[in-house]
Amino acid sequence: MGDHKNPGFQNPRSVIKKVLARPQHEGDGAIVRRSIGRGELRNLDPFLMLDEFSVSAPAGFPDHPHRGFETVTYMLEGAFTHQDFAGHKGTVRAGDLQWMTAGRGIIHSEMPAGEGENKGLQLWINLSSKDKMMEPRYQELQGKDVSRVEKHGVDVRIIAGESFGVRSPVYTQTPTMYLDFTLHPGAEVHQHIPPPWNSFVYIIEGEGVFGDPNASPTTRHHALVLSPGDGLSVWNRAARPLRFVLIGGQPLNEPIVQYGPFVMNAQAEIQQAIDDYHYCKNGFEKAKNWKSQPHMN
Ligand code: FJE
Ligand code: FE
C-alpha cells in the first residue's frame, strides 16, 4: 500500500537514528558516501551497506570478488559498465537497475561509462545461510521498465516490493522493499511497511519531514533508521522537490562475519572464501586467467 492522504497506520514508524554519510575513498580513486556499513551503523539486518557514489573516469571499482550477499546498483545520473568473469557485461544508465545475487561467487569490474560524474546508489543485501552458496543470478531492469506511479504530487519508482498497488517484477531472495520517491512541494505520502521488517530512508535531494509531523526536516546525504511499526508518513513542506529512497527488509537474525566483499556466518567460512578465491574453486573457477577488458575511458 501507498497512499497520498490517509495514513491509517496502527503504529506509525518514527526516526530512531540519523546518520550523515560523509565522503570516503573506495575502490580505485572513487569517492562514496556510506551510510549503512560505517562505524555508527555497521549494518541494519538484512542490509550490509548503502553507498551513494559519484565517480568520474578513470576512477572506478576494478576487478573484485563477492560472495554471500546481493548487490543492487541503481543509477541516478550518468552510466556504469560492468563485466564479470562469466562473460556477463552491460551498462546501467540513469534510472536502470542491476540486482546481482552474488551467491557463491562473482568477480567483476564496475567502471563509469559516462562523461563527467556518474552517480548512483549501491545497496548490499545479506543472503540467508541457505542462499549464500547459491548460483549467481542477475536481474536487470531498464528505467523504462521500472514500474512508476504518479499521483497527487507523489512520484514513486518501484524497484522492489509494492506501492500504490503496483508490484515490482524483481524477485528478492531476501524479502526486500525498495522505493524511490519524489514528492513535489506540498505533497505527502503514507507508505505501508511490513511490521517485522527493518527499514530506513536515504535522502537524495531536497528536504523532508519523516515519521513525526512535528520533526525538523532532514536534508540530503542522511540515512534515517526507522522504529518498528506498520508504515511511514513523509511530508515535503519545502519549495523544491524531495527525493528519497525507502528501503526495508526482513531481518535474517543470523551471525554476520564480513571480510571486505565476502559476507558469511562464521570465520571458517570466510577463510574458505579466501581460499576458494585464491585457488579458483567452489564458484571461483572462472577466475582462472580472467581479467576485465580495458574500459573505453
Ligand atoms: C567494495 C573495494 C571496492 N561501493 N559502490 C572493496 F571497490 C568495492 C566496491 C564498491 C562499489 C561499487 C559500486 Cl559500482 C558502487 C561501491 C563499494 O566495488 F565493495 C569493497 N569492499
Ligand atoms: Fe562489486
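Just so it is clear, glycine is given a Cβ too, placed from its N, Cα and C backbone atoms.
These come from TrEMBL:
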BINDING   His64, His66, His108, Glu110  Fe cation binding site
DOMAIN    32-125  domain 'Pirin N-terminal'
DOMAIN    178-283  domain 'Pirin C-terminal'
- Message: Cβ within 8 Å of the Fe cation site centroid (His64, His66, His108, Glu110 excluded): which residues?
- Response: Phe61, Asp63, Pro65, Thr71, His82, Asp84, Ile106, Ile107, Ser109, Pro261
- Fewest neighbouring Cβ atoms within 10 Å: which of the binding-site residues His64, His66, His108? His64
- Near ligand 1, which of the binding-site residues His64, His66, His108, Glu110 have CB less than 6 Å from any of its atoms? His64, Glu110
- Query: Helix, strand, coil residue numbers for the domain 'Pirin C-terminal' (178-283) per DSSP?
  - Reply: 13 helix, 49 strand, 44 coil
- Looking only at the domain 'Pirin C-terminal' (178-283), report the model's average pLDDT. 98
